[in-house]
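> Input: one structure, supplied below.
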Amino acid sequence: MEKESSLENSRNSSINDFDDSTLSNKVHTFLGHSGTQLNFIISTFAGVGFFLFGYDQSLIGSLLTLPNFEETFPSISGPEDGVLQGTVVSIYEIGCFAGAIATIYCGNKFGRIKCMLIGCIIIIIGAALQASAFSVGHFIVARIVTGVGTGFMTSTVPVWQSELSRATTRGKLIMLMGSLITAGVATAYWVDFGFYFVSDNDPKGISWRLPIILQVIFPIVLLSVIFKVPESPRWLMSKKRVKEARIVFSAIYNLPENDSEVASQLAEIQSALELEEAESAGFNIKELVKQGPTRNFQRLSLACWSQIFQQISGINLITYYAGTIFEKYIHMSPFNARILAACNGTEYFLASLLGIVFIERVGRRKLLFFGAIGQALTMMALTISTWQADKQRAENGGGSGAGIAAAVFLFVFNSVFGVSYLGGTWLLPTEVSSLQLRAATAALSTSCNWIFNFMVVMITPVAFQNISYYTYTIFACINILIAPMIYIFYPETSGRTLEELDIIFSKTPVWRPWEVVAIERETPKRDFTKDMEKPFTEHIDRVESD
């Protein structure tokens, strides 16, 4: 409690330190914009990064059954090659895991912009290597390289986005980023479907090489503007670069650099930094596993488990293998399987847009709690419908009715996941972590996402080979267990500044982490009625920042 009081007192006393009367009455801009327009540009930049993630994640599934791909890599195309096929698809996640782990060190040292730069360059190299592959070994190495770049992006972009967002819009913007993952997924499915028509007469492998190389468009777009977008002001403050942080807040809030709101935000960040530094001398990886006054280990656990929940829900059973499931396990024709997979991806994107609406209105806790229940019920329905389809096919060669029902439930699962876990579990790690450890927490939680992603994608072909439709039952049981974990341990973060959450966690008893839920409910929220862009008259100057 003493530490908590010092944090609040420090904030009040330090506002004057940043309220400098010598500052100019200027509103700074980036790319010629500030306020809402700049926030839209930042969200678009972040969205392109996650669009790329969705595209690359979903592309490989339908390429596996193209004739030239099977001719080029015959060792992974046989009916009994589920393990090797799973390895080729899932090895990408190992690269993503390695890239995410690397940002534990790079995130705080180099900043968010440079980490995204590194990620873009590595993705371009990896895509070129994949598109030029003629052996399984070459293709596996190329997918690992691409994954490393994606790991850098997925552990950095959400942190950068959240640290540049207002508390009132942070959830919507991160959920929008999640929606753009599904836009990438849908695009990959439609690209696969389009190139399916050239696959019969394709000696050079254009049907699978060109879709892979197309992904370099997105990092090239990001590289063209990467040094023109603002760095995270919270990272700048942690490096004592107060002047630059002030310029960024001026631009994203559309306020003059001498405005009291800018000074208040700088003071709030500084007080949070002082609380963290009182316990340790700056960033140290050991701090992640200590509770300390800011409850670091509790916050790391919440971040990591939220990402694990996303993967063990079973979403990538569908994302990676939708075409294969429709064709091999629901017994559709190759044409129908591909077009239905593409429609599934499109509906996934449209459903995810509802998450943008609900994330602030409903809140994180309720969305994730009811999402887990909905996913469990859908997986149960998939077990029953695919079992019935197999039974009818064995008895009379039919089963189309049950097969159609199974296809519908795949759509339903994507819809429930798209509204809840798609963006929500990328949002939570950036909200529950402390400033000094935010990059490391995001990196470790993203690493958990990727390693469990690898596990799910690796075992899915093997599970379907051995236990068929009971694979869905496993994921139904897992989702049933996730729901109470969300209810007991996860506080509501909607409408809270990142610094407010520092105070809430500092009040939580070390050995009773579940009490953070009640403490959050009892803690008054900051008044955001004034947290809006102020109208300005013509005399205020706007200056482009470097």
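Quick reminder: no glycine exception, Cβ is built from N, Cα and C everywhere.
Automatic prediction, not curation, is the source of TrEMBL annotations.
Annotations per TrEMBL:
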type: DOMAIN; residues: 42-494; note: domain 'Major facilitator superfamily (MFS) profile'
type: TRANSMEM; residues: 38-55; note: transmembrane segment
type: TRANSMEM; residues: 89-108; note: transmembrane segment
type: TRANSMEM; residues: 115-134; note: transmembrane segment
type: TRANSMEM; residues: 140-161; note: transmembrane segment
type: TRANSMEM; residues: 173-191; note: transmembrane segment
type: TRANSMEM; residues: 211-230; note: transmembrane segment
type: TRANSMEM; residues: 367-389; note: transmembrane segment
type: TRANSMEM; residues: 401-428; note: transmembrane segment
type: TRANSMEM; residues: 440-463; note: transmembrane segment
type: TRANSMEM; residues: 469-490; note: transmembrane segment
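Situate these features within the shown structure.
Averaged over the domain 'Major facilitator superfamily (MFS) profile' (42-494), the predicted model reaches a pLDDT of 86.
Proximity of distant same-chain residues to the transmembrane segment (89-108), defined by a Cβ-Cβ separation under 8 Å and at least 6 residues beyond the stretch ends, is recorded for 56-57, 60-61, 64, 114-115, 118-119, 122, 126, 140, 143-156, 159, 235, 238, 283, 285, 320, 436, 439-440, 442-444, 446-447, 449-451, 453-455, 457-458.
Using a Cβ-Cβ cut-off under 8 Å and counting only residues 6 or more beyond its ends in the same chain, the transmembrane segment (173-191) has close neighbours at 39, 43, 46-48, 50-59, 62, 157-158, 161-162, 165, 211, 214, 319, 322-323, 338, 341-342, 344-346, 348-349, 351-353, 355-356, 359, 418, 422-424, 426-427, 430.
Residues 30-31, 38, 41-42, 45, 48-49, 51-52, 55-56, 59, 63, 113, 116-117, 119-121, 123-124, 127-128, 130-131, 149, 164, 188, 191-192, 195, 247-248, 251-252, 545 of the same chain sit 6 or more residues outside the transmembrane segment (211-230) yet have a Cβ under 8 Å from a Cβ within it.
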